[in-house]
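Listed in TrEMBL:
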type	residues	note
TRANSMEM	12-35	transmembrane segment
TRANSMEM	47-70	transmembrane segment
TRANSMEM	77-96	transmembrane segment
TRANSMEM	116-143	transmembrane segment
Amino acid sequence: MQYPSVFVKIRATALGCLSLAGVLWAILLCIVLFSQWEVLDISERTLVLLMLVTHTISAVVLLILLIVVFRPWLDAARIMLLLMAHIGIAGAFAYWYPNFKCVTQDPAQEAVCKLIIAYILIASWIVPFLFVVYGSGLALMVWRRRITSSKSLIPVDDEEKTLGRRNMKEKTPSKPKFAHRISNLEHFSNLSGSSRYSQSTKRSSLVEKSNSESVKIVAARLSKPLPTFHF
(Lines of atoms letter the chains of each structure in order from A and count residues from 1; the text may use other names and numbers.)
(Lines give C-alpha, C1' and ligand atoms only; values in the text may rest on other atoms or scores of the structure.)
Protein backbone atom coordinates (compact mmCIF):
# COMPACT_ATOMS: atom_id res chain seq x y z
CA MET A 1 0.00 0.00 0.00
CA GLN A 2 1.42 3.35 -1.03
CA TYR A 3 1.16 6.30 1.33
CA PRO A 4 1.10 9.99 0.39
CA SER A 5 4.32 11.94 0.37
CA VAL A 6 3.02 14.27 3.09
CA PHE A 7 2.59 11.35 5.48
CA VAL A 8 6.05 10.01 4.65
CA LYS A 9 7.63 13.42 5.29
CA ILE A 10 5.75 13.89 8.60
CA ARG A 11 6.80 10.40 9.73
CA ALA A 12 10.43 11.03 8.81
CA THR A 13 10.38 14.36 10.68
CA ALA A 14 8.80 12.77 13.77
CA LEU A 15 11.30 9.92 13.83
CA GLY A 16 14.16 12.37 13.36
CA CYS A 17 12.92 14.50 16.26
CA LEU A 18 12.56 11.45 18.51
CA SER A 19 16.03 10.25 17.61
CA LEU A 20 17.48 13.71 18.24
CA ALA A 21 15.73 13.87 21.62
CA GLY A 22 17.20 10.49 22.52
CA VAL A 23 20.71 11.59 21.53
CA LEU A 24 20.44 14.85 23.49
CA TRP A 25 19.10 13.03 26.52
CA ALA A 26 21.95 10.51 26.33
CA ILE A 27 24.47 13.36 26.16
CA LEU A 28 22.93 15.03 29.22
CA LEU A 29 23.02 11.77 31.13
CA CYS A 30 26.68 11.32 30.24
CA ILE A 31 27.40 14.81 31.60
CA VAL A 32 25.47 14.04 34.80
CA LEU A 33 27.36 10.80 35.35
CA PHE A 34 30.69 12.44 34.66
CA SER A 35 30.05 15.38 37.02
CA GLN A 36 28.12 13.60 39.79
CA TRP A 37 29.63 10.13 39.79
CA GLU A 38 31.13 10.42 43.26
CA VAL A 39 28.04 12.09 44.71
CA LEU A 40 25.42 9.70 43.36
CA ASP A 41 24.48 6.54 45.19
CA ILE A 42 24.96 3.05 43.69
CA SER A 43 21.24 2.68 42.90
CA GLU A 44 21.20 6.13 41.27
CA ARG A 45 24.23 5.27 39.15
CA THR A 46 22.65 1.99 38.04
CA LEU A 47 19.36 3.58 37.01
CA VAL A 48 21.06 6.47 35.21
CA LEU A 49 23.27 4.00 33.32
CA LEU A 50 20.21 1.94 32.32
CA MET A 51 18.48 5.12 31.20
CA LEU A 52 21.54 6.08 29.15
CA VAL A 53 21.62 2.66 27.43
CA THR A 54 17.85 2.79 26.74
CA HIS A 55 18.02 6.21 25.11
CA THR A 56 21.05 5.27 23.06
CA ILE A 57 19.39 2.10 21.73
CA SER A 58 16.15 3.95 20.98
CA ALA A 59 18.04 6.64 19.03
CA VAL A 60 19.75 3.97 16.90
CA VAL A 61 16.49 2.05 16.31
CA LEU A 62 14.68 5.22 15.27
CA LEU A 63 17.40 6.00 12.74
CA ILE A 64 17.06 2.47 11.36
CA LEU A 65 13.30 2.99 11.01
CA LEU A 66 14.03 5.91 8.69
CA ILE A 67 15.88 3.58 6.31
CA VAL A 68 13.77 0.43 6.25
CA VAL A 69 10.50 0.10 4.31
CA PHE A 70 7.52 1.40 6.24
CA ARG A 71 5.12 -1.30 7.43
CA PRO A 72 2.43 -0.12 9.85
CA TRP A 73 2.27 -3.16 12.11
CA LEU A 74 6.03 -3.67 12.36
CA ASP A 75 6.55 0.03 12.95
CA ALA A 76 3.89 0.01 15.67
CA ALA A 77 5.46 -3.05 17.31
CA ARG A 78 8.91 -1.44 17.40
CA ILE A 79 7.55 1.83 18.76
CA MET A 80 5.58 -0.07 21.40
CA LEU A 81 8.70 -1.97 22.46
CA LEU A 82 10.69 1.24 22.83
CA LEU A 83 7.80 2.88 24.67
CA MET A 84 7.58 0.04 27.19
CA ALA A 85 11.34 0.23 27.77
CA HIS A 86 11.21 3.99 28.42
CA ILE A 87 8.14 3.72 30.64
CA GLY A 88 9.77 0.89 32.59
CA ILE A 89 12.99 2.79 33.30
CA ALA A 90 11.13 6.02 34.10
CA GLY A 91 8.74 4.17 36.42
CA ALA A 92 11.63 2.48 38.19
CA PHE A 93 13.40 5.82 38.64
CA ALA A 94 10.20 7.37 40.04
CA TYR A 95 9.72 4.41 42.38
CA TRP A 96 13.24 4.65 43.83
CA TYR A 97 13.33 8.45 43.88
CA PRO A 98 12.37 8.86 47.60
CA ASN A 99 15.26 6.57 48.62
CA PHE A 100 17.92 8.41 46.62
CA LYS A 101 20.71 9.95 48.66
CA CYS A 102 23.59 12.18 47.67
CA VAL A 103 26.85 11.03 49.27
CA THR A 104 28.46 14.34 50.20
CA GLN A 105 29.11 16.56 53.19
CA ASP A 106 28.79 19.82 51.27
CA PRO A 107 25.22 21.22 51.52
CA ALA A 108 25.54 23.14 48.24
CA GLN A 109 26.72 20.09 46.34
CA GLU A 110 23.98 18.03 47.95
CA ALA A 111 21.36 20.56 46.83
CA VAL A 112 22.73 20.48 43.29
CA CYS A 113 22.65 16.67 43.32
CA LYS A 114 19.05 16.58 44.49
CA LEU A 115 18.06 19.19 41.90
CA ILE A 116 19.68 17.14 39.09
CA ILE A 117 17.88 14.02 40.27
CA ALA A 118 14.55 15.88 40.25
CA TYR A 119 15.21 17.15 36.71
CA ILE A 120 16.04 13.61 35.59
CA LEU A 121 12.79 12.36 37.12
CA ILE A 122 10.72 14.99 35.28
CA ALA A 123 12.57 14.76 31.96
CA SER A 124 12.47 10.96 31.91
CA TRP A 125 8.75 11.13 30.99
CA ILE A 126 9.19 13.49 28.02
CA VAL A 127 10.46 10.86 25.58
CA PRO A 128 7.71 8.33 26.46
CA PHE A 129 5.12 11.09 25.93
CA LEU A 130 6.59 11.80 22.49
CA PHE A 131 6.42 8.09 21.67
CA VAL A 132 2.74 8.01 22.69
CA VAL A 133 2.00 11.02 20.46
CA TYR A 134 3.82 9.46 17.52
CA GLY A 135 2.10 6.09 17.97
CA SER A 136 -1.34 7.72 18.22
CA GLY A 137 -0.74 9.80 15.09
CA LEU A 138 0.53 6.75 13.21
CA ALA A 139 -2.52 4.67 14.19
CA LEU A 140 -4.90 7.49 13.23
CA MET A 141 -3.23 7.99 9.85
CA VAL A 142 -3.26 4.29 8.98
CA TRP A 143 -6.90 3.99 10.06
CA ARG A 144 -7.97 6.94 7.90
CA ARG A 145 -5.95 5.58 4.99
CA ARG A 146 -7.70 2.22 5.21
CA ILE A 147 -11.14 3.86 5.39
CA THR A 148 -10.49 6.01 2.33
CA SER A 149 -9.12 3.06 0.37
CA SER A 150 -12.13 0.89 1.28
CA LYS A 151 -14.55 3.67 0.27
CA SER A 152 -12.77 4.12 -3.04
CA LEU A 153 -13.04 0.38 -3.76
CA ILE A 154 -16.82 0.22 -3.17
CA PRO A 155 -17.89 2.27 -6.27
CA VAL A 156 -15.53 0.25 -8.45
CA ASP A 157 -17.17 -2.98 -7.31
CA ASP A 158 -20.64 -1.52 -7.96
CA GLU A 159 -19.63 -0.43 -11.46
CA GLU A 160 -18.25 -3.89 -12.21
CA LYS A 161 -21.46 -5.50 -11.01
CA THR A 162 -23.63 -3.18 -13.13
CA LEU A 163 -21.46 -3.79 -16.19
CA GLY A 164 -21.70 -7.54 -15.66
CA ARG A 165 -25.48 -7.33 -15.41
CA ARG A 166 -25.68 -5.25 -18.58
CA ASN A 167 -23.53 -7.76 -20.45
CA MET A 168 -25.73 -10.61 -19.25
CA LYS A 169 -28.82 -8.73 -20.37
CA GLU A 170 -27.28 -8.10 -23.79
CA LYS A 171 -26.27 -11.74 -24.17
CA THR A 172 -29.64 -13.24 -23.14
CA PRO A 173 -32.45 -12.32 -25.61
CA SER A 174 -35.64 -10.97 -24.15
CA LYS A 175 -38.88 -12.97 -24.28
CA PRO A 176 -40.86 -10.67 -26.63
CA LYS A 177 -38.07 -10.71 -29.22
CA PHE A 178 -37.78 -14.48 -28.97
CA ALA A 179 -41.57 -14.89 -29.39
CA HIS A 180 -41.54 -12.49 -32.33
CA ARG A 181 -38.81 -14.54 -33.99
CA ILE A 182 -40.80 -17.73 -33.47
CA SER A 183 -43.92 -16.15 -35.00
CA ASN A 184 -41.87 -14.99 -37.99
CA LEU A 185 -40.50 -18.49 -38.45
CA GLU A 186 -44.02 -19.96 -38.32
CA HIS A 187 -45.24 -17.38 -40.84
CA PHE A 188 -42.39 -18.14 -43.22
CA SER A 189 -43.04 -21.87 -42.86
CA ASN A 190 -46.73 -21.33 -43.64
CA LEU A 191 -45.86 -19.23 -46.65
CA SER A 192 -43.42 -21.83 -47.93
CA GLY A 193 -46.00 -24.59 -47.41
CA SER A 194 -48.70 -22.63 -49.24
CA SER A 195 -46.34 -21.82 -52.09
CA ARG A 196 -45.41 -25.49 -52.42
CA TYR A 197 -49.07 -26.44 -52.39
CA SER A 198 -49.92 -23.88 -55.08
CA GLN A 199 -47.04 -25.07 -57.23
CA SER A 200 -48.18 -28.70 -56.90
CA THR A 201 -51.77 -27.75 -57.80
CA LYS A 202 -50.55 -25.82 -60.83
CA ARG A 203 -48.51 -28.79 -61.97
CA SER A 204 -51.45 -31.17 -61.53
CA SER A 205 -53.75 -28.83 -63.48
CA LEU A 206 -51.21 -28.63 -66.30
CA VAL A 207 -50.93 -32.41 -66.38
CA GLU A 208 -54.72 -32.76 -66.52
CA LYS A 209 -54.94 -30.22 -69.35
CA SER A 210 -52.26 -32.02 -71.35
CA ASN A 211 -54.04 -35.36 -70.82
CA SER A 212 -57.40 -33.96 -71.91
CA GLU A 213 -55.87 -32.43 -75.05
CA SER A 214 -54.23 -35.72 -75.96
CA VAL A 215 -57.54 -37.55 -75.47
CA LYS A 216 -59.30 -35.03 -77.74
CA ILE A 217 -56.69 -35.49 -80.47
CA VAL A 218 -57.03 -39.26 -80.36
CA ALA A 219 -60.85 -39.01 -80.48
CA ALA A 220 -60.70 -36.66 -83.45
CA ARG A 221 -58.48 -39.04 -85.34
CA LEU A 222 -60.75 -41.97 -84.63
CA SER A 223 -63.85 -40.03 -85.73
CA LYS A 224 -62.47 -39.42 -89.26
CA PRO A 225 -63.73 -41.89 -92.00
CA LEU A 226 -61.34 -44.35 -93.51
CA PRO A 227 -59.91 -43.59 -96.94
CA THR A 228 -61.38 -45.33 -100.06
CA PHE A 229 -58.31 -47.36 -100.85
CA HIS A 230 -58.91 -49.46 -97.74
CA PHE A 231 -62.06 -50.93 -99.34
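Just so you know, glycine gets a Cβ as well, placed from its N, Cα and C.
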Sequence-distant contacts of the transmembrane segment (47-70), meaning Cβ under 8 Å and at least 6 residues beyond its ends, amount to 3, 8, 11-12, 15-16, 18-20, 22-23, 25-26, 29-30, 32-33, 40, 78, 82, 85-86, 89-90, 92-93, 96, 120, 124, 127
Beyond a gap of at least 6 residues from its ends, the CB atoms lying under 8 Å from the transmembrane segment (77-96) belong to 43, 47, 50-51, 54-55, 57-58, 61-62, 65, 120-121, 124-125, 127-128, 131-132, 134-135, 138
